[in-house]
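Report on the following structure.
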Amino acid sequence: MSSMVTPQHAQELSTGARELGIDLSPAQHEQLLAYLALLIKWNKAYNLTAVRNPDEMVSRHLLDSLSVVPFIEGTRWIDVGSGGGMPGIPMAILFPERKVALLDSNGKKTRFQTQVKLELKLDNLEVIHSRAESYQPEVPFDGIISRAFSSLEDFTGWTRHMGDVNTRWLAMKGLHPDDELVALPSDFHLDSAHALTVPGCQGQRHLLILRRTA
């Protein structure tokens, strides 16, 4: 384990995952901590996340990402505006049988993501350096997820072409974004909304699941 990742971090991850109802294998636990170590190391130079304190990263990044695990269905996912790789990298670690793509227009961030893919040997992870509106997938994704990426209007507008009526759009938010829902494009609707409790995180967390009507 990296010297930057402490036994307290390891314990917080184990306990938090259990509270979320997630049974991490020893290998997954180790991979998540290896990812955390890379995030701490690269964040100093690359500004991957505004969270500077490593002691806050387990709850605000790892456990926050794991909180959406019960809602992941289907085999092909894309994390849009992935930044430091949340929630896509934890998803790829948890679901080795699913394909997860990370999309970001920032070259520093995609370089970091590629390094994580190589070091953690995540064969199911694809890193895409592109703007959302420019990226053209060959087939629609089963799920499109974003974490604090943009407004719901922009998120759906920029990624509409990546999915179809069978796709689920998952938007990870803080407060329930009532004002953003009003501005949702007419061909999208709210399928369900879920208040999430993230161990160690203060403040509200919500997951909104959206679908296309046509």
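Heads up, the Cβ atoms here are built off N, Cα and C, so glycines get one too.
In the three-state DSSP classification, E133 (S-adenosyl-L-methionine binding site) falls within a helix. Taken from Swiss-Prot, the feature S-adenosyl-L-methionine binding site applies to G81, M86, A132, E133, R147.
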Q.
Quick check: in three-state DSSP terms, what is G81 (S-adenosyl-L-methionine binding site)?
A. coil
Q. Hey, of the binding-site residues listed (G81, M86, E133, R147), which one tops the CB count within 10 A?
A. M86
